[in-house]
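Taking it in order: structure first as structure tokens, then the write-up.
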Amino acid sequence: MLLPNILLTGTPGVGKTTLGKELASRSGLKYINVGDLAREGQLYDGYDEEYDCPILDEDRVVDELENQMSEGGVIVDYHGCDFFPERWFHIVFVLKTDNSILYKRLENRGYNEKKLKDNIQCEIFQVLHEEALASYKEEIVHQLPSNKPEDLEDNINQILKWIEHWVKDHSS
């Protein structure tokens, strides 16, 4: 059976991982967190002193994921999307969180002041939404609110419904 590939993207702290893991457990799709994948495989290309974090080696990440993506049935979670091949994804969801809620979430993660400010600005200017629209066909890019627990449940149900329709439309 053909299964779709889904991209969950958005600023750090918007709830991609929570949504992705829950979605995978309810849909049977495979969940991949690109940050974890990079950590496990040391898929880095240096270190960013200013942000105090490793720099992702995007080419190696793409190489690492290629086979799984071509098989289908994968949920990918990452706070960027412009380096993934367009052909990989059947739908892209950009999660969006109110700035005050996002600020608290990132503060709880121990983000330093610069990282906090930059991520909040990223959300204000909808950088990830713009990046998704520039990287994929507009009709497959959707924004989802991610502020409260009810949003999580609504988003899961909406995406599960979409998966069901996609599978039906693509079965022989």
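Positions of Cβ are set from backbone N, Cα and C atoms, glycine also.
Residue density at LYS148 (ATP binding site): 12 other Cβ atoms are found within 10 A of its Cβ, drawing on all protein chains shown. The annotation ATP binding site is assigned in Swiss-Prot to GLY13, GLY15, LYS16, THR17, THR18, ARG109, LYS148 on the grounds of sequence analysis.
Mean model confidence for the region 'NMPbind' (33-56) is a pLDDT of 95. Per Swiss-Prot, region 'NMPbind' is recorded for 33-56, and the stated evidence type is sequence analysis.
The region 'LID' feature in Swiss-Prot is assigned to 108-118; the stated evidence is sequence analysis.
Applying DSSP to the region 'NMPbind' (33-56) sorts its residues as follows: 8 helix, 10 strand, 6 coil. Sequence-remote contacts of a segment are chain residues at least 6 beyond its ends whose Cβ falls under 8 Å from one of its Cβ atoms, and for the region 'LID' (108-118) they are 12-13, 50-52. In three-state terms derived from DSSP, GLY15 (ATP binding site) belongs to neither a helical nor a strand segment and is classed as coil. Applying DSSP to the region 'LID' (108-118) sorts its residues as follows: 7 helix, 0 strand, 4 coil.
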